[in-house]
Amino acid sequence: MRVQNAIRNSVFSFSAQIIQIVARFVLQTIFIHQLGKTYLGVNGLFTNILMILSLADLGIGSAISVGMYEPISKSDVTKIASYMKLFKKAYMMIGVAVGVLGIALYPFLPIFMKGKKVSDVGIIFFLFLANSVVSYFFSYNRTLFSAHQKEYINVVNVTSFQLIQYALQAIVLIFWQNFLLYLLLQVLCTLWSNIVISKKARVVFPEIVAQTPNAPSLPVEEQRTLKRNVLELIGSRFGGVVLSGTDNLLISSFIGLVSTGIYSNYSLIILNLTTIINKVMNATIASVGNLAAEKNSARGEEVFLKHFFLNFTLCFFTSTMLLNLFNPFVFIWAGRTYLFPFFVVFVIVLNFLCQQIRQTALIFLMGYGTLKHQGIKSVIEAVVNLIVSLTLVTQTTLGISGVLLGTIFTNLVINSWFENRQVFHLGFHLPVKRFLVKQYALLILTIVVMLGNYWLTVQIELPNLVLNFFVRLILTFLIDLIVFLLCFRKTVEFTYYVHLAKQLFMRKK
């Protein structure tokens with residue numbers, strides 16, 4: 001049953017992700033043509049503000065889910081109800097805290113909104129805030145499904161209501177071009193989704209839900225452990241949220257809402273690609289955890305290098321494709337006025353590459369539990385990113401590129417070496433220097449191939465935009481493939497994956 005649930009969860013999750021990506025892309029297209037760049041910028045700005053305000057939620061859900069595994073395995077209904085009571089209280093407090101912080105921030109909104117004035121900005125902000133706040137009410141019941149390996153029920157619920165929301169929002173945009181009604185629908189669908197999942201929890205877990213209001217408090221020692229786990233998880237994720245969340249704030253504050261709107265199209269594509277890639281990579285976390293339990297350093301390093309090679313391969317092909325196809329695609333999709341110049345696009349892709357290349361280290365950090373000093377690192381990371389980005393955007397003419405170069409600098413100088421060092425020193429008990437040299441060399445190779453590939457493909461310019469896009473796509477992939485095979489066909493990792501692919505193919509036959 002456990003294996004069946006795991007497979008079902010994975011299938012539902014991946015399928016839902018694809019459906020949501022397509023639906024969100026369609027809605028973004030309608031949004032672009034009906035409301036334009038300024039409202040697109042407001043949408044991106046307020047989404048980022050609320051993401052930063054919700055920092056407190058970074059660790060609670062995961063930590064409580066982990067704590068519930070043992071009582072679930074023992075069918076200890078009272079203990080599960082105690083966890084749910086704590087979860088309910090915590091989410092109520094977070095919801096109230098986000099609301100209070102949002103109200104306190106409201107007078108300072110003009111600081112973040114350079115450029116065109118937007119009417120009804122106060123109502124718009126409070127609708128965003130309301131959506132964030134209501135997301136914490138009733139949603140704690142979702143943890144029951146996740147912890148019982150029934151995540152597919154959550155997935156069906158969320159996807160269904162998102163599709164309803166997107167359909168209604170599309171109708172509002174097409175017929176009325178009303179941003180306020182668009183946002184009100186978002187609030188109502190979020191609340192409706194949470195109410196429905198709560199009713200479902202009462203049906204599937206009647207005993208737990210019934211006991212939750214009057215459940216006893218958790219023992220003091222368990223509360224301490226839970227608090228420690230929450231703080232560790234918040235610490236490990238804080239830097240990442242600030243790193244990605246402050247970019248739109250700085251762009252909007254110093255460059256303008258219109259630029260934020262244009263950037264949101266590029267970031268939507270990046271986000272969708274990242275989501276798909278990370279779905280593949282994150283599926284290995286449990287296996288890495290089992291590997292850590294073996295306490296075999298040589299084996300750990302071997303698997304790490306194979307995992308890194310797979311992640312690098314995805315980064316290599318995706319980055320070069322993005323650099324060559326970003327602007328042709330955006331031109332076809334949104335029009336010439338939504339294009340950034342080449343250098344800005346290059347920096348956006350470089351930012352994606354430097355962020356994505358970290359995924360293997362992050363997965364092994366979680367799998368091996370080597371989160372020591374992550375909290376301190378995250379604070380340093382956030383401060384350095386803010387200082388460098390602010391300096392570049394205010395003291396140079398780099399604009400958006402300056403904001404993103406600050407993030408790139410932080411990833412390369414702080415995150416990349418520190419995270420890998422933690423895995424090698426604390427997880428494998430091995431030196432990290434050789435791997436770091438290899439990683440930075442591969443990053444340089446990827447950048448050289450990206451630029452060389454772009455120079456070659458840009459020589460071909462066909463009058464038909466769609467045909468030009470597909471010719472570039474094919475040519476980019478072929479050049480990538482040739483370079484990749486020349487560089488890596490004799491490596492241990494490449495040979496391993498070729499052998500693995502042959503085994504899978506023969507098994508299917």
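Just so it is clear, glycine is given a Cβ too, placed from its N, Cα and C backbone atoms.
What you see is a predicted model, and the numbers here were worked out from it, not measured in a lab.
Quick look at what TrEMBL annotates:
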type	residues	note
TRANSMEM	12-33	transmembrane segment
TRANSMEM	45-69	transmembrane segment
TRANSMEM	90-109	transmembrane segment
TRANSMEM	121-140	transmembrane segment
TRANSMEM	152-173	transmembrane segment
TRANSMEM	308-326	transmembrane segment
TRANSMEM	338-354	transmembrane segment
TRANSMEM	375-393	transmembrane segment
TRANSMEM	399-418	transmembrane segment
TRANSMEM	439-457	transmembrane segment
TRANSMEM	469-488	transmembrane segment
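Between the transmembrane segment (375-393) and the stretches 12-33, 121-140, 399-418, the greatest number of Cβ pairs separated by less than 8 Å involves 399-418. Counting Cβ pairs under 8 Å to the transmembrane segment (152-173), the top-ranked stretch among 12-33, 121-140, 308-326, 399-418 is 12-33. Outside the transmembrane segment (308-326), and at least 6 residues removed from its termini, the chain residues within Cβ reach (under 8 Å) are 266, 269-270, 273, 277, 280-281, 345-346, 348-350, 352-353, 356-357, 359-360, 439, 442, 446, 449-451, 453-454, 457-458, 469, 472-473, 476-477, 479-480, 484, 488, 491, 493-494, 497. Under 8 Å from some Cβ of the transmembrane segment (121-140) lie the Cβ atoms of residues 42, 46-47, 49-50, 53-54, 57, 84, 87-88, 90-92, 94-96, 98-99, 102-103, 106, 109, 113, 179-180, 183-184, 186-187, 190-191, 194-195, 197-198, all in the same chain and six or more residues away from its ends.
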